[in-house]
Amino acid sequence: MLSATQARNIVGIVGNVISFGLFLSPLPTFFKIYKSKSVEEFKPDPYLATVLNCMCWVFYGMPFVHPDSTLIITINGIGLFIELFYLAIFCLYADSKGRKKVSICLVIEVIFVAAVAVITIVFLHGTKQRSLLVGIICDVFNIIMYASPLTIMTKVIKTKSVKYMPFTLSLANFLNGCIWTAYSLIKFDIYVLVSNGLGAISGFLQLLLYTYYSVCRPKADENAVKANEVQLSNA
């Protein structure tokens, strides 16, 4: 019989694997940049946002902020390294304006996280108070990051096409949200629960949209075409 700690560790390891796959999902884009030796219309904004998000979660997982969160540190530490690697490739092939933007944003992010760390360590005492401040900051940034899938979902509804929303990525987002939600419930962690619960809901809505516009909608359109053909033949 597994203890709660063992079950939580197993779930967390599975979450690390799924999240690692999500961090690797932009690789084809950067391979394209490498081959073309140009960033073209590529924007670094999502990766800059993910860098900040990962830094905040790494700090959240520190023993003096939120104990027993090693698996949160591992995946966000790996994610931080991967995102910085993506940004390094971007800077390698971007113009001076693009490199300057990335450099300024990274400096601002480091200063922000450093300020949060100083305030947390110096002015807040005990892991409960520290978890509250850092956890809220992490959740705010995670919720902001969910704005990206929402814009894609809006585009799918407008265009009535799922080509802008790959099924595998939507499924991975859903599974990632579910597994980390389960992780947060085994040993209750409200901050991991809020961010990943919303992620699971977002992934589920993406899958519903994908099912509707790739399966249900085409069948409805096909039936409508057949009905029109029958009416024309009767006429």
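Positions of Cβ are set from backbone N, Cα and C atoms, glycine also.
Keep in mind that TrEMBL annotations are predicted by a computer and have not been checked by a curator.
Here TrEMBL flags 12-34 (among others) as transmembrane segment.
With a threshold of 8 Å between CB atoms, the same-chain residues lying at least 6 positions outside the transmembrane segment (46-65) that come near it are 26, 72-73, 76-77, 79-80, 83-84, 86-87, 90, 102, 105-106, 109-110, 112-113, 116-117, 120-121, 127, 130-131, 134-135, 137-138, 141-142, 144-145, 148, 191. Sequence annotations record features per position, and here TrEMBL assigns transmembrane segment to 46-65 (among others).
Proximity of distant same-chain residues to the transmembrane segment (71-94), defined by a Cβ-Cβ separation under 8 Å and at least 6 residues beyond the stretch ends, is recorded for 9, 12-13, 15-16, 19-20, 23-24, 26, 30, 33-34, 37-39, 42, 44, 47-48, 50-51, 53-55, 57-58, 60-62, 102-103, 106, 183, 192. Annotation comment: TrEMBL describes 71-94 (among others) as transmembrane segment.
The feature transmembrane segment is assigned by TrEMBL to 106-126 (among others).
Marked as transmembrane segment by TrEMBL: 132-152 (among others).
Beyond the transmembrane segment (164-186), the same-chain residues lying 6 or more positions past its ends with a Cβ under 8 Å from any Cβ of the stretch are 4, 7-8, 11-12, 14-15, 18-19, 21-22, 25, 71, 149, 152-153, 155-156, 192-193, 196-204, 206-207, 209-210, 214. Residues or ranges marked as transmembrane segment in TrEMBL: 164-186 (among others).
The transmembrane segment annotation in TrEMBL covers 192-213 (among others). Sequence-distant contacts of the transmembrane segment (192-213), counting only residues of its own chain at least 6 positions beyond either end whose CB sits under 8 Å from a CB of the stretch, comprise 72, 138-139, 142-143, 146, 149-150, 152-153, 156-157, 160-162, 165, 167, 170-178, 180-181, 183-185.
Beyond the ends of the transmembrane segment (132-152), by six or more residues, the same chain brings 46, 49-50, 52-53, 56-57, 59-60, 65-66, 116, 119-120, 124, 164-165, 173, 190-191, 194-195, 198-199, 202-203, 206 to within a C-beta distance below 8 angstroms of the stretch.
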